[in-house]
Amino acid sequence: MKMVLSQRQREELNQAIADYLGSNGYADSLEAFRKEADLSTEAEKKFGGLLEKKWTSVIRLQKKVMELEAKLTEAEKEVIEGAPTKNKRTPGEWIPRPPEKYSMSGHRASITRVIFHPIFGLVVSASEDATIKIWDFETGEYERSLKGHTDSVQDVAFDAQGKLLASCSADLSIKLWDFQQTYECVKTMHGHDHNVSSVAFVPAGDYVLSASRDRTVKMWEVATGYCVKTYTGHREWVRMVRVHIEGSIFATCSNDHTIRVWLTNSRDCKVELRDHEHTVECIAWAPEAAASAINEAAGADNKKGHHQGPFLASGSRDKTIRIWDVSVGLCLFTLNGHDNWVRGLAFHPAGKYLVSASDDKTIRVWDLRNKRCMKTLYAHQHFCTSIDFHKAHPYVISGSVDQTVKVWECR
(Lines of atoms letter the chains of each structure in order from A and count residues from 1; the text may use other names and numbers.)
(Lines give C-alpha, C1' and ligand atoms only; values in the text may rest on other atoms or scores of the structure.)
Protein backbone atom coordinates (compact mmCIF):
# COMPACT_ATOMS: atom_id res chain seq x y z
CA MET A 1 0.00 0.00 0.00
CA LYS A 2 1.54 3.29 -1.14
CA MET A 3 1.54 6.05 1.49
CA VAL A 4 0.63 9.44 -0.02
CA LEU A 5 2.06 12.59 1.56
CA SER A 6 0.25 15.91 1.37
CA GLN A 7 1.98 18.81 -0.38
CA ARG A 8 2.89 20.38 2.98
CA GLN A 9 4.28 17.11 4.37
CA ARG A 10 6.34 16.65 1.21
CA GLU A 11 7.80 20.16 1.54
CA GLU A 12 8.65 19.61 5.22
CA LEU A 13 10.29 16.26 4.47
CA ASN A 14 12.37 17.85 1.69
CA GLN A 15 13.45 20.65 4.07
CA ALA A 16 14.39 18.08 6.75
CA ILE A 17 16.41 16.04 4.23
CA ALA A 18 18.17 19.22 3.06
CA ASP A 19 19.00 20.12 6.68
CA TYR A 20 20.37 16.59 7.29
CA LEU A 21 22.54 16.69 4.14
CA GLY A 22 23.83 20.16 5.01
CA SER A 23 24.63 19.48 8.67
CA ASN A 24 26.45 16.24 7.82
CA GLY A 25 28.70 17.74 5.14
CA TYR A 26 27.10 16.26 2.01
CA ALA A 27 27.50 19.55 0.08
CA ASP A 28 27.34 18.15 -3.48
CA SER A 29 24.30 15.99 -2.72
CA LEU A 30 22.64 18.97 -1.03
CA GLU A 31 23.15 21.20 -4.05
CA ALA A 32 21.74 18.55 -6.41
CA PHE A 33 18.81 17.85 -4.08
CA ARG A 34 17.96 21.56 -3.70
CA LYS A 35 17.95 21.94 -7.46
CA GLU A 36 15.72 18.90 -8.09
CA ALA A 37 13.35 19.58 -5.18
CA ASP A 38 13.23 23.29 -6.02
CA LEU A 39 14.23 24.41 -2.49
CA SER A 40 15.45 27.86 -1.50
CA THR A 41 18.95 28.15 -0.01
CA GLU A 42 17.54 29.65 3.19
CA ALA A 43 17.36 26.86 5.79
CA GLU A 44 14.63 27.31 8.38
CA LYS A 45 15.63 26.73 12.01
CA LYS A 46 12.58 24.61 12.78
CA PHE A 47 13.86 21.87 10.46
CA GLY A 48 17.19 21.56 12.36
CA GLY A 49 17.71 17.92 13.35
CA LEU A 50 14.13 17.08 12.42
CA LEU A 51 14.97 14.00 10.35
CA GLU A 52 16.99 12.46 13.21
CA LYS A 53 14.20 13.22 15.68
CA LYS A 54 11.60 11.56 13.47
CA TRP A 55 13.89 8.59 12.87
CA THR A 56 14.52 7.98 16.60
CA SER A 57 10.86 8.42 17.49
CA VAL A 58 9.94 5.80 14.87
CA ILE A 59 12.44 3.38 16.44
CA ARG A 60 11.04 4.14 19.91
CA LEU A 61 7.49 3.52 18.69
CA GLN A 62 8.56 0.29 16.97
CA LYS A 63 10.06 -0.91 20.27
CA LYS A 64 6.83 -0.06 22.09
CA VAL A 65 4.79 -1.90 19.44
CA MET A 66 7.04 -4.97 19.79
CA GLU A 67 6.63 -4.91 23.59
CA LEU A 68 2.85 -4.68 23.28
CA GLU A 69 2.83 -7.47 20.68
CA ALA A 70 4.90 -9.65 23.06
CA LYS A 71 2.41 -8.96 25.86
CA LEU A 72 -0.51 -9.78 23.56
CA THR A 73 1.11 -13.01 22.32
CA GLU A 74 1.75 -14.06 25.91
CA ALA A 75 -1.84 -13.32 26.94
CA GLU A 76 -3.20 -15.24 23.94
CA LYS A 77 -0.90 -18.16 24.71
CA GLU A 78 -2.14 -18.32 28.29
CA VAL A 79 -5.77 -18.31 27.15
CA ILE A 80 -5.10 -21.07 24.58
CA GLU A 81 -3.11 -23.22 27.01
CA GLY A 82 -5.78 -22.80 29.64
CA ALA A 83 -3.26 -21.40 32.12
CA PRO A 84 -4.91 -19.38 34.88
CA THR A 85 -5.32 -15.81 33.62
CA LYS A 86 -4.59 -12.86 35.89
CA ASN A 87 -8.12 -12.84 37.32
CA LYS A 88 -7.94 -16.52 38.22
CA ARG A 89 -4.39 -16.55 39.56
CA THR A 90 -3.88 -16.08 43.28
CA PRO A 91 -0.91 -13.94 44.46
CA GLY A 92 0.90 -17.19 45.30
CA GLU A 93 0.82 -18.03 41.59
CA TRP A 94 1.97 -14.63 40.32
CA ILE A 95 5.29 -14.79 38.49
CA PRO A 96 7.46 -12.15 36.77
CA ARG A 97 6.28 -11.40 33.23
CA PRO A 98 7.78 -9.36 30.39
CA PRO A 99 8.34 -6.64 29.53
CA GLU A 100 10.15 -5.13 32.53
CA LYS A 101 8.36 -2.35 34.42
CA TYR A 102 11.56 -0.28 34.73
CA SER A 103 15.12 -0.52 33.47
CA MET A 104 17.35 1.59 35.73
CA SER A 105 20.71 2.83 34.46
CA GLY A 106 23.49 4.71 36.23
CA HIS A 107 26.23 2.24 37.10
CA ARG A 108 29.40 2.49 35.03
CA ALA A 109 30.35 -1.21 35.28
CA SER A 110 28.78 -4.66 35.75
CA ILE A 111 26.19 -5.07 38.49
CA THR A 112 27.18 -7.74 40.99
CA ARG A 113 24.17 -7.86 43.33
CA VAL A 114 20.62 -6.50 43.60
CA ILE A 115 18.45 -6.71 46.74
CA PHE A 116 15.14 -5.32 47.99
CA HIS A 117 14.90 -3.30 51.19
CA PRO A 118 12.85 -5.40 53.67
CA ILE A 119 10.39 -2.57 54.44
CA PHE A 120 10.68 0.47 52.13
CA GLY A 121 10.04 0.52 48.37
CA LEU A 122 13.75 0.56 47.65
CA VAL A 123 16.26 -1.53 45.73
CA VAL A 124 20.00 -1.57 46.39
CA SER A 125 22.51 -2.48 43.70
CA ALA A 126 26.24 -3.20 44.04
CA SER A 127 28.63 -2.83 41.14
CA GLU A 128 32.16 -3.33 39.88
CA ASP A 129 32.30 0.50 39.61
CA ALA A 130 32.95 0.47 43.42
CA THR A 131 29.61 2.13 44.24
CA ILE A 132 26.33 1.08 45.81
CA LYS A 133 23.22 2.70 44.37
CA ILE A 134 19.73 3.08 45.85
CA TRP A 135 16.63 3.13 43.63
CA ASP A 136 12.89 3.50 44.17
CA PHE A 137 11.39 0.39 42.55
CA GLU A 138 7.87 1.86 42.54
CA THR A 139 8.85 4.81 40.33
CA GLY A 140 12.07 3.55 38.73
CA GLU A 141 13.88 6.66 40.03
CA TYR A 142 17.51 6.82 41.19
CA GLU A 143 17.80 7.97 44.82
CA ARG A 144 21.49 8.13 45.84
CA SER A 145 24.92 6.48 45.78
CA LEU A 146 27.00 5.15 48.67
CA LYS A 147 30.72 5.67 48.04
CA GLY A 148 33.60 4.40 50.14
CA HIS A 149 34.84 1.16 48.62
CA THR A 150 37.89 1.43 46.37
CA ASP A 151 37.28 -1.68 44.28
CA SER A 152 34.36 -3.77 42.99
CA VAL A 153 31.50 -4.13 45.51
CA GLN A 154 30.67 -7.85 45.49
CA ASP A 155 27.62 -8.21 47.75
CA VAL A 156 25.19 -6.23 49.92
CA ALA A 157 22.81 -7.34 52.67
CA PHE A 158 20.28 -5.74 55.04
CA ASP A 159 19.61 -6.55 58.66
CA ALA A 160 16.01 -7.66 59.38
CA GLN A 161 14.72 -4.10 60.02
CA GLY A 162 16.59 -2.59 57.09
CA LYS A 163 18.36 -0.12 59.40
CA LEU A 164 21.87 -1.30 58.55
CA LEU A 165 23.34 -2.26 55.19
CA ALA A 166 26.45 -4.43 54.99
CA SER A 167 28.66 -4.44 51.90
CA CYS A 168 31.83 -6.28 50.94
CA SER A 169 34.40 -5.64 48.28
CA ALA A 170 37.44 -6.75 46.32
CA ASP A 171 39.24 -4.01 48.34
CA LEU A 172 39.31 -6.67 51.17
CA SER A 173 36.92 -4.74 53.43
CA ILE A 174 33.41 -5.13 54.81
CA LYS A 175 31.49 -1.92 55.47
CA LEU A 176 28.38 -1.15 57.53
CA TRP A 177 26.18 1.75 56.42
CA ASP A 178 23.53 3.63 58.40
CA PHE A 179 20.39 3.19 56.30
CA GLN A 180 18.07 5.19 58.58
CA GLN A 181 19.30 8.77 58.46
CA THR A 182 22.80 9.60 57.32
CA TYR A 183 23.54 6.88 54.72
CA GLU A 184 27.14 7.18 55.95
CA CYS A 185 29.59 4.34 56.48
CA VAL A 186 29.60 3.67 60.24
CA LYS A 187 32.16 0.83 60.35
CA THR A 188 34.83 -0.74 58.17
CA MET A 189 36.09 -4.23 59.01
CA HIS A 190 39.39 -5.67 57.79
CA GLY A 191 40.70 -9.20 58.25
CA HIS A 192 40.36 -11.14 55.00
CA ASP A 193 43.48 -11.69 52.89
CA HIS A 194 41.71 -11.62 49.52
CA ASN A 195 38.58 -10.46 47.66
CA VAL A 196 35.51 -10.52 49.99
CA SER A 197 32.78 -12.04 47.83
CA SER A 198 29.71 -12.28 50.05
CA VAL A 199 28.12 -10.90 53.20
CA ALA A 200 25.04 -11.76 55.29
CA PHE A 201 23.49 -10.74 58.63
CA VAL A 202 22.42 -13.32 61.19
CA PRO A 203 18.67 -12.80 61.87
CA ALA A 204 19.17 -11.10 65.26
CA GLY A 205 21.30 -8.48 63.50
CA ASP A 206 24.14 -8.53 66.03
CA TYR A 207 26.61 -10.38 63.78
CA VAL A 208 27.63 -10.32 60.13
CA LEU A 209 29.16 -13.22 58.20
CA SER A 210 31.55 -12.72 55.28
CA ALA A 211 32.95 -15.15 52.69
CA SER A 212 36.19 -14.62 50.83
CA ARG A 213 38.54 -15.77 48.12
CA ASP A 214 40.99 -16.48 50.98
CA ARG A 215 38.88 -19.70 51.49
CA THR A 216 37.52 -18.62 54.89
CA VAL A 217 34.25 -17.38 56.34
CA LYS A 218 34.43 -14.84 59.17
CA MET A 219 31.90 -13.69 61.76
CA TRP A 220 32.00 -10.04 62.84
CA GLU A 221 30.36 -8.39 65.82
CA VAL A 222 28.29 -5.43 64.59
CA ALA A 223 28.66 -3.38 67.79
CA THR A 224 32.47 -3.48 67.86
CA GLY A 225 33.50 -4.43 64.32
CA TYR A 226 35.69 -7.23 65.72
CA CYS A 227 36.10 -10.60 64.04
CA VAL A 228 34.89 -13.18 66.59
CA LYS A 229 35.09 -16.43 64.56
CA THR A 230 36.76 -17.85 61.46
CA TYR A 231 35.31 -20.92 59.72
CA THR A 232 37.76 -22.95 57.64
CA GLY A 233 37.15 -25.99 55.47
CA HIS A 234 36.59 -24.91 51.88
CA ARG A 235 39.53 -25.73 49.63
CA GLU A 236 39.00 -22.79 47.27
CA TRP A 237 37.34 -19.38 46.89
CA VAL A 238 34.11 -19.13 48.96
CA ARG A 239 31.55 -17.52 46.65
CA MET A 240 28.47 -16.95 48.79
CA VAL A 241 27.23 -17.14 52.38
CA ARG A 242 23.52 -17.28 53.27
CA VAL A 243 22.05 -17.66 56.77
CA HIS A 244 18.97 -19.79 57.46
CA ILE A 245 16.02 -17.74 58.75
CA GLU A 246 16.25 -19.38 62.20
CA GLY A 247 19.89 -18.32 62.47
CA SER A 248 21.34 -21.53 63.93
CA ILE A 249 22.89 -22.66 60.63
CA PHE A 250 24.30 -21.02 57.52
CA ALA A 251 25.43 -22.28 54.13
CA THR A 252 28.40 -21.43 51.92
CA CYS A 253 29.32 -22.43 48.37
CA SER A 254 32.67 -22.49 46.68
CA ASN A 255 34.91 -22.92 43.65
CA ASP A 256 35.75 -26.33 45.18
CA HIS A 257 32.37 -27.53 43.74
CA THR A 258 30.88 -28.04 47.23
CA ILE A 259 28.33 -26.46 49.53
CA ARG A 260 28.94 -26.52 53.27
CA VAL A 261 26.37 -26.07 56.00
CA TRP A 262 27.81 -24.76 59.28
CA LEU A 263 26.59 -24.42 62.85
CA THR A 264 26.61 -20.69 63.57
CA ASN A 265 27.56 -20.97 67.25
CA SER A 266 30.48 -23.37 66.83
CA ARG A 267 33.03 -23.55 64.05
CA ASP A 268 31.78 -26.98 62.98
CA CYS A 269 30.69 -27.95 59.48
CA LYS A 270 27.40 -29.84 59.84
CA VAL A 271 27.35 -31.31 56.34
CA GLU A 272 29.18 -31.06 53.02
CA LEU A 273 27.04 -31.30 49.86
CA ARG A 274 28.83 -32.64 46.77
CA ASP A 275 27.19 -33.29 43.41
CA HIS A 276 27.96 -30.23 41.31
CA GLU A 277 30.62 -30.65 38.64
CA HIS A 278 31.86 -27.04 38.65
CA THR A 279 32.07 -23.91 40.83
CA VAL A 280 28.89 -23.34 42.87
CA GLU A 281 28.03 -19.66 42.32
CA CYS A 282 24.91 -19.14 44.41
CA ILE A 283 22.66 -20.61 47.11
CA ALA A 284 19.21 -19.79 48.54
CA TRP A 285 17.32 -21.20 51.53
CA ALA A 286 13.80 -22.36 50.72
CA PRO A 287 10.99 -20.75 52.75
CA GLU A 288 8.88 -23.09 54.88
CA ALA A 289 6.06 -22.65 52.35
CA ALA A 290 8.15 -24.51 49.75
CA ALA A 291 8.30 -27.77 51.77
CA SER A 292 5.20 -29.38 50.25
CA ALA A 293 6.18 -28.61 46.63
CA ILE A 294 9.74 -29.88 47.22
CA ASN A 295 8.49 -33.04 48.93
CA GLU A 296 6.09 -33.75 46.10
CA ALA A 297 8.86 -33.26 43.54
CA ALA A 298 11.27 -35.47 45.49
CA GLY A 299 8.63 -38.17 45.95
CA ALA A 300 8.60 -38.77 42.22
CA ASP A 301 12.30 -39.61 42.33
CA ASN A 302 12.59 -41.52 45.58
CA LYS A 303 10.04 -43.19 47.82
CA LYS A 304 11.84 -42.40 51.05
CA GLY A 305 8.83 -40.64 52.49
CA HIS A 306 8.62 -37.14 53.90
CA HIS A 307 11.71 -34.92 53.91
CA GLN A 308 11.98 -32.63 56.91
CA GLY A 309 14.42 -30.10 55.47
CA PRO A 310 15.59 -27.40 55.81
CA PHE A 311 15.90 -27.20 52.03
CA LEU A 312 18.55 -25.35 50.08
CA ALA A 313 18.85 -24.50 46.37
CA SER A 314 22.24 -24.15 44.68
CA GLY A 315 23.22 -22.84 41.25
CA SER A 316 26.44 -23.72 39.50
CA ARG A 317 28.70 -23.13 36.53
CA ASP A 318 27.72 -26.67 35.49
CA LYS A 319 24.46 -24.93 34.34
CA THR A 320 22.28 -26.87 36.82
CA ILE A 321 20.26 -25.98 39.90
CA ARG A 322 20.09 -28.55 42.69
CA ILE A 323 17.63 -28.79 45.56
CA TRP A 324 19.01 -30.30 48.77
CA ASP A 325 17.63 -31.67 52.03
CA VAL A 326 20.29 -30.31 54.35
CA SER A 327 19.27 -32.50 57.33
CA VAL A 328 20.37 -35.66 55.48
CA GLY A 329 22.86 -34.12 53.02
CA LEU A 330 20.91 -35.39 50.02
CA CYS A 331 20.31 -33.87 46.58
CA LEU A 332 16.57 -34.37 46.05
CA PHE A 333 16.40 -33.28 42.41
CA THR A 334 18.12 -31.25 39.69
CA LEU A 335 16.67 -28.52 37.46
CA ASN A 336 18.15 -28.42 33.95
CA GLY A 337 17.51 -25.77 31.33
CA HIS A 338 20.01 -22.91 31.51
CA ASP A 339 22.59 -22.74 28.71
CA ASN A 340 25.28 -21.09 30.82
CA TRP A 341 26.41 -20.48 34.42
CA VAL A 342 23.64 -20.05 37.01
CA ARG A 343 24.43 -16.85 38.92
CA GLY A 344 21.45 -16.05 41.13
CA LEU A 345 18.53 -17.79 42.87
CA ALA A 346 15.45 -16.58 44.74
CA PHE A 347 12.39 -18.46 46.00
CA HIS A 348 8.84 -17.18 45.49
CA PRO A 349 7.61 -16.22 49.00
CA ALA A 350 4.62 -18.58 48.55
CA GLY A 351 7.03 -21.46 47.94
CA LYS A 352 5.69 -22.80 44.63
CA TYR A 353 8.37 -21.37 42.39
CA LEU A 354 12.09 -20.68 42.19
CA VAL A 355 13.52 -17.95 39.95
CA SER A 356 17.07 -18.11 38.59
CA ALA A 357 19.42 -15.71 36.79
CA SER A 358 22.07 -16.92 34.39
CA ASP A 359 24.91 -15.96 32.08
CA ASP A 360 22.64 -17.12 29.23
CA LYS A 361 21.02 -13.63 29.77
CA THR A 362 17.71 -15.13 30.92
CA ILE A 363 15.62 -15.34 34.06
CA ARG A 364 13.85 -18.67 34.42
CA VAL A 365 10.83 -19.45 36.57
CA TRP A 366 10.81 -23.04 37.85
CA ASP A 367 7.68 -24.88 38.94
CA LEU A 368 9.13 -26.85 41.86
CA ARG A 369 6.32 -29.39 42.12
CA ASN A 370 6.76 -30.45 38.47
CA LYS A 371 10.52 -29.81 38.33
CA ARG A 372 10.19 -27.89 35.08
CA CYS A 373 10.93 -24.45 33.70
CA MET A 374 7.53 -22.82 33.22
CA LYS A 375 8.71 -19.45 31.91
CA THR A 376 11.84 -17.96 30.36
CA LEU A 377 12.35 -14.19 30.34
CA TYR A 378 14.96 -12.84 27.91
CA ALA A 379 15.94 -10.33 30.52
CA HIS A 380 19.20 -8.58 29.65
CA GLN A 381 21.62 -7.71 26.85
CA HIS A 382 24.46 -9.42 28.74
CA PHE A 383 25.05 -11.92 31.56
CA CYS A 384 22.34 -11.82 34.22
CA THR A 385 24.25 -11.75 37.53
CA SER A 386 21.74 -11.38 40.36
CA ILE A 387 18.06 -11.71 41.22
CA ASP A 388 15.79 -11.04 44.21
CA PHE A 389 12.11 -11.67 44.95
CA HIS A 390 10.25 -9.19 47.18
CA LYS A 391 8.86 -10.87 50.29
CA ALA A 392 5.62 -8.84 50.38
CA HIS A 393 5.06 -7.12 47.03
CA PRO A 394 4.71 -8.75 43.58
CA TYR A 395 8.10 -7.69 42.21
CA VAL A 396 11.34 -9.31 41.08
CA ILE A 397 14.57 -7.41 40.38
CA SER A 398 17.54 -8.45 38.29
CA GLY A 399 21.03 -7.05 37.68
CA SER A 400 23.39 -7.60 34.79
CA VAL A 401 26.79 -7.08 33.20
CA ASP A 402 24.85 -4.73 30.85
CA GLN A 403 24.92 -2.25 33.80
CA THR A 404 21.13 -2.12 34.23
CA VAL A 405 18.83 -3.02 37.11
CA LYS A 406 15.43 -4.22 35.94
CA VAL A 407 12.16 -4.33 37.86
CA TRP A 408 9.72 -7.07 36.82
CA GLU A 409 6.09 -7.04 37.89
CA CYS A 410 4.54 -10.36 38.89
CA ARG A 411 1.04 -11.11 37.71
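Note that Cβ sites are derived from N, Cα and C of the backbone, with glycine treated the same way.
Annotated features in Swiss-Prot:
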DOMAIN    9-41  domain 'LisH'
COILED    56-83  coiled coil
REPEAT    106-147  repeat 'WD 1'
REPEAT    148-187  repeat 'WD 2'
REPEAT    191-230  repeat 'WD 3'
REPEAT    233-272  repeat 'WD 4'
REPEAT    275-334  repeat 'WD 5'
REPEAT    337-376  repeat 'WD 6'
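Here the repeat 'WD 1' (106-147) has long-range neighbours at 153-158, 160-162, 165, 167, 169, 171, 177, 179, 183, 185, 382-383, 385-388, 390-391, 393, 395, 397-401, 403-405, 407, meaning same-chain residues at least 6 beyond its ends whose C-beta is under 8 angstroms from one of its own. Remote same-chain residues near the repeat 'WD 4' (233-272) are listed as 155, 194-195, 197-204, 209-213, 215-217, 219, 278-285, 287, 310, 312, 314, 316, 324, 326, 329 (criterion: CB distance under 8 Å, separation of at least six residues from the stretch ends). Same-chain neighbours of the repeat 'WD 3' (191-230): 154-161, 164, 166-170, 172-174, 176, 236-243, 245-247, 250, 252, 254, 262, 264, 267, counting only residues six or more beyond its ends whose CB sits under 8 Å from a CB of the stretch. If one looks beyond the repeat 'WD 6' (337-376) by at least 6 residues along the same chain, the residues whose Cβ comes under 8 Å of a Cβ in the stretch are 91-93, 95-97, 281-294, 296-297, 300, 313-317, 319-321, 323, 382-392, 396, 398, 400, 408. DSSP places the residues of the repeat 'WD 4' (233-272) in helix, strand and coil in these numbers: 0 helix, 22 strand, 18 coil.
With DSSP classes pooled into helix, strand and coil, the tally for the repeat 'WD 5' (275-334) is 14 helix, 23 strand, 23 coil.
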